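Colleague: Please see the structure below; I have some questions.
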Protein chains: 2
Amino acid sequence: MYTMELRFIRGGVCAVDGVLAAGCREGKYGVGLIINRGSTAAAVFTSNRVRAEPVKLTERVIADGSISAIVANSGNANCFTGREGMDDARRMARKVAESLSMDESEVAVASTGVIGRRMPIDKIEFLIQSAAAQLENSEAASGALAEAIMTTDTFPKEVAVEFELETGEKARIGAVAKGSGMIAPNMATMLSFITTDVDASSSELTEALRVAVDESFNMLIVDGDESTNDMVIISSTRTSGRIDSNFREALVAVCRELARMMARDGEGVTKSFQVDVVNAGTHEDAKMAARAIAGSSLVKTAIFGADPNWGRIVAAAGYSGAEFDPEEISVTLESDSESVVIVDHGDILAFEGTEELETAERVMTSKEIRIIVDLAAGDESATAYGCDLTYDYVRINAEYTT
Amino acid sequence: MYTMELRFIRGGVCAVDGVLAAGCREGKYGVGLIINRGSTAAAVFTSNRVRAEPVKLTERVIADGSISAIVANSGNANCFTGREGMDDARRMARKVAESLSMDESEVAVASTGVIGRRMPIDKIEFLIQSAAAQLENSEAASGALAEAIMTTDTFPKEVAVEFELETGEKARIGAVAKGSGMIAPNMATMLSFITTDVDASSSELTEALRVAVDESFNMLIVDGDESTNDMVIISSTRTSGRIDSNFREALVAVCRELARMMARDGEGVTKSFQVDVVNAGTHEDAKMAARAIAGSSLVKTAIFGADPNWGRIVAAAGYSGAEFDPEEISVTLESDSESVVIVDHGDILAFEGTEELETAERVMTSKEIRIIVDLAAGDESATAYGCDLTYDYVRINAEYTT
């Protein structure tokens with residue numbers, strides 16, 4: 001899949017030398033800290049018209065292309081909280097700045113949790129102080145950070161890679177994230193904080209980050225795509241070589257791995273799947289078809305029910321807007337151990353009594369499923385990530401109250 | 001809601017003089033017939049790239065703006081069936097033509113049911129013959145037709161109205177439909193056949209029908225919007241006065257009533273709801289916001305769970321793409337007997353301990369709920385129709401096998 005060697009290593013955001021992290025949790029509230037003084041930074045924010053106060057604040061903080069710290073809390077999204085909410089976000093930044101002797105305009109703020117409720121700011125300030133006292137460049141510190149920002153996540157999410165730049169210099173990217181492929185009661189807010197040592201300007205980082213987010217988090221299909229609090233920040237120590245295509249490729253790989261983790265996660269999720277649309281006429285077509293299939297409630301319930309329902313897959317491709325000839329489409333289902341073509345150039349191969357149907361039914365019982373849809377309309381491809389739609393999904397979201 | 005007087009009457013498609021109908025059912029297969037010799041006709045077809053054979057055939061039949069009959073079967077969608085499928089669709093048209101002495105090029109064909117399986121054409125031909133022997137202009141005949149085209153529908157759907165044209169002439173519109181607001185295993189195919197006596201050319205009917213479909217069926221939110229078999233046909237005897245804006249308004253009303261019936265229907269549906277977005281900047285914005293809210297899985301599960309979750313409603317409006325200021329948005333919940341403002345110009349009124357929350361919780365327990373979202377950004381409005389997302393939805397769609 002990747003054209004260069006990518007070594008997955010431990011350490012999360014702390015895999016990059018000089019980056020400090022910490023995380024503290026008390027009950028349903030958590031605070032995570034990342035310190036990367038004077039780092040070059042870039043961010044991508046939610047496109048939702050309703051934006052939480054920390055999103056508005058961080059957008060201003062990062063406008064000059066540099067940050068020294070990120071503070072993120074879980075338990076309260078500080079969204080739809082008006083002027084008081086903005087004051088609370090500022091107080092979080094100020095608390096970090098005071099504890100660590102930096103300017104508050106250098107502190108990015110992120111929040112995730114319930115919306116429409118005032119922040120328990122005293123508790124959050126207390127947690128910030130505790131976290132500030134535990135900062136370290138260590139695997140454990142990044143782990144504590146990843147745990148602190150979880151909400152409905154069932155496991156912490158960290159990725160780190162080491163690779164060579166085209167010049168042969170070693171470089172690293174580390175990351176933590178929270179979010180789930182399930183539509184969680186808190187709107188499935190997605191936060192990700194990425195660190196690197198690659199030398200790049202803020203605008204170079206922005207460009208690389210946008211592409212990576214587009215191919216990963218934006219292809220993770222959750223309800224409505226973007227919550228009020230989504231935020232991805234990358235910051236660099238600039239201690240390694242110059243940005244190049246190896247870095248860009250590694251960044252896509254890191255973000256995709258995080259997206260896959262999110263697709264697997266979420267209460268009520270029993271299976272995750274990946275849709276690879278290949279041979280589309282345009283990249284946009286490939287993305288539309290992959291997203292439509294991964295987002296189809298009918299496909300998602302079929303995954304839950306282990307039903308190799310080619311009809312739902314083809315129909316979803318049909319309404320996606322992508323151009324293709326239904327008589328040329330092919331569909332393959334894959335698990336880790338098996339692969340079976342169920343539709344071949346418009347011919348249905350998996351029907352009652354066939355070996356194809358038997359294999360397809362077996363593939364559909366695995367925990368991670370790959371659906372490959374060949375549109376036979378060009379040579380562009382795209383991948384989307386999704387999870388099944390289950391009884392527990394309905395229960396969790398119906399029982400949760402405001 | 002309507003600016004002119006609209007009298008809802010009985011009789012379905014047979015409310016229009018001269019129209020004959022019939023319906024026969026045997027087990028899971030049904031056939032419905034409508035005869036309107038030499039009528040002027042127009043149709044709107046699915047925009048899904050994958051189209052069933054009868055859709056392709058009927059598009060050609062109706063190209064000259066005239067039809068004499070419509071034959072529709074339930075139980076098999078005749079989709080993804082290739083050349084044999086087209087032969088079967090033609091055989092259906094031919095059987096009608098032979099039984100009733102007309103040209104087969106005057107017979108429109110529609111199908112709904114499972115996809116990817118060959119039509120049981122002998123059985124369908126037998127049912128066509130039986131139906132042809134029972135044709136009548138009667139309430140019972142339209143009712144039999146409405147029953148014959150049902151698949152997962154739990155009740156037949158008919159509407160008929162009488163109204164005055166601007167000239168004072170009396171005119172009528174009658175209709176039957178099948179389809180459900182739930183995402184049914186058969187892709188929730190939507191069929192509707194409409195009759196009228198208003199004098200209009202095929203292109204005038206096409207224009208009026210497109211507008212009506214856009215404001216009704218296209219605002220009924222089901223998975224992925226359009227199945228492979230969707231079809232709406234209108235045919236006119238042209239025995240009343242000329243087409244005018246009263247007719248256009250009545251046609252919208254008829255289609256909206258059918259869409260509301262579909263939202264209420266479907267196995268697994270316990271409640272239906274309507275989203276009225278008002279004071280949007282553009283009509284497109286109003287439609288996008290209404291559709292996003294009605295289609296949100298989080299809103300749909302909140303309706304099921306009777307949770308007045310303003311956060312999910314506002315967030316869905318936020319990601320819809322519609323322009324608005326979150327600090328100006330207002331949200332009202334309504335049942336038949338009560339109405340309560342839960343968000344007023346960005347202020348949350350329904351929180352713990354308030355009378356607003358109590359009323360809102362009561363409203364959310366009713367079978368039909370209206371959500372009114374005021375974007376305070378202009379004076380355009382739109383309405384979308386949806387139903388709740390329930391345990392039974394997951395069960396039905398997960399257990400159904402290809």
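Think of each number as a place in line: the chain as shown, counted from 1.
Each Cβ is built from the backbone N, Cα and C atoms, and glycine gets one as well.
Sequence annotations record features per position, and here Swiss-Prot assigns substrate binding site to B:Thr151, B:Lys178, B:Thr189, B:Glu267, B:Asn397, B:Thr402. Swiss-Prot lists B:Thr189 with the feature active site, nucleophile, giving sequence analysis as the kind of evidence.
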Colleague: With 8 Å as the upper Cβ-Cβ limit, not reached, which of the binding-site residues B:Thr151, B:Lys178, B:Thr189, B:Asn397 neighbour chain A?
Modeller: B:Asn397
Colleague: Give the number of CB atoms, excluding that of B:Thr189 (substrate binding site) itself, located within 10 Å of its CB.
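Modeller: Result for B:Thr189 (substrate binding site): 29 other Cβ atoms within 10 Å.
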Colleague: Taking the Cβ of B:Thr151 (substrate binding site) as centre, how many other Cβ atoms lie within 10 Å?
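Modeller: Around B:Thr151 (substrate binding site), other Cβ atoms within 10 Å: 23.
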Colleague: Among the binding-site residues listed here (B:Lys178, B:Asn397), identify the one with the smallest other-Cβ count within 10 Å.
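Modeller: Taking B:Lys178, B:Asn397 as the binding-site residues, the minimal 10 Å Cβ count falls on B:Asn397.
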Colleague: Hey, does DSSP put B:Thr151 (substrate binding site) in a helix, a strand, or just coil?
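Modeller: Looking at the DSSP assignment, B:Thr151 (substrate binding site) belongs to neither helix nor strand, so coil.
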